[in-house]
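Per TrEMBL, these features apply:
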- 1-19: signal peptide (SIGNAL)
- 173-192: region 'Disordered' (REGION)
- 178-190: compositional bias 'Basic and acidic residues' (COMPBIAS)
- Thr200: active site, nucleophile (ACT_SITE)
- Arg228, Val229, Gly230, Asp231, Thr251, Gly252, Asp253, Gly254: substrate binding site (BINDING)
Amino acid sequence: AQVAPFLLVALQLAGAASAAGLPMVINTWAFRKAAETAWRVLQLGGSELDAVERGCGQCEIDQCDGSVGYGGSPDESGETTLDAMIMDGNTMEVGAVADLRRVKNAIGVARKVIEYTKHTLLVGESASLFAVRMGFPYEDLTTQNSLSVYSKWLNQSCQPNYWKNVVPDSSKSCGPYKRPEKVTSKEETISQRSVHNHDTIGMVVIGASGTVASGTSTNGAIHKIPGRVGDSPIAGAGSYADSTAGGAAATGDGDVMMRFLPSYQAVEYMRMGTDPTAACQKVISRIQKYAPRFFGAVICANTTGSYGAACNKIPGFTQFHFMVSSPLLGQPTEQVVDCI
């Protein structure tokens, strides 16, 4: 009975369209500056898409954890390439770029794909040409740091890497690899992505009226095979936004996670009335059935301003930190969830 008056007040505050917890910004990892930037854009009257673009763009500038933006996660040839996407939950339009080279502001380019093309995803060298046409400068994405990471890796016989069933033995030596005469299937190794190589910023922004946008930016898996694209720029995998239900974003081992479209699935669970925390958990446990040792987490938020997150528990990764900004919190606040 004691809860009743509070509930009434909450319902009155919520009104028909806007809930007390809106507007809201939620993003993966404790990327505080990204959260602050997105929140500030909303406070200054920017759109949800603006907030996502600027928030993820902040991580590109800050090189968040070395796993977003330039100068991190060199591939097998030592090059850093970028993947990003942005999604408008009102129109369901998506702009994305993958394997983007020599252009730093990947999510900015992704936004231009929505604004100036009828396409959804541009890749590789051609995506860079598009970026330059759109006014983005060519810049070297290699830094002293990424070069030293690369040379250290070469000195460690290219360990770890993403090859399997090849000759020479990829667990002991560098390539070039080729397929053997006879294929002998080997045991799948545990996720090689170290937990300290946080790999993506994923962000969901929900406006005061419940409008949803989402986005991601990453430089992908460290030491990836050139041409590899993970979950981040794939709609429904890296993130998903639908203003009739909510938004979600994923982070972690993209090669495994993208097969399950976790962000799309989480939004569908929320559409069916599942609360965000449970929606995130259901998505993680679906992937667990096939890849019990995968590294990954999902954030979820619905159009009433409820939010949650879930992660898969593996050695060295038992909790997941993420950021939430809303009127109820006063300022961007770091949140923690125990992995399942």
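Positions of Cβ are set from backbone N, Cα and C atoms, glycine also.
Those TrEMBL annotations? Automatic predictions, nothing curated.
Taking the features listed in TrEMBL, we show where each one sits on the structure.
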residue: Thr200; record: active site, nucleophile; Cβ contacts under 8 Å, 6 or more apart: Thr28, Ser67, Val68, Thr216, Ser217, Thr218, Ser232, Gly238, Ala250, Thr251, Gly252, Gly254
residue: Arg228; record: substrate binding site; Cβ contacts under 8 Å, 6 or more apart: Asp75, Asp99, Tyr162, Gly220, Ala221, Asp255
residue: Val229; record: substrate binding site; Cβ contacts under 8 Å, 6 or more apart: Asp83, Ala98, Asp99, Val123, Gly220
residue: Gly230; record: substrate binding site; Cβ contacts under 8 Å, 6 or more apart: Asp83, Asp199, Thr218, Gly220, Ala221, Lys224, Gly238, Gly254, Asp255, Met258
residue: Asp231; record: substrate binding site; Cβ contacts under 8 Å, 6 or more apart: Ala237, Gly238, Ala250, Gly254, Asp255, Met257, Met258, Pro262
Largest separation between Cα atoms (Å) of residues that the record links to substrate, namely Arg228, Val229, Gly230, Asp231, Thr251, Gly252, Asp253, Gly254: 16
Other C-beta atoms that fall within 10 angstroms of the C-beta of Gly254 (substrate binding site): 29
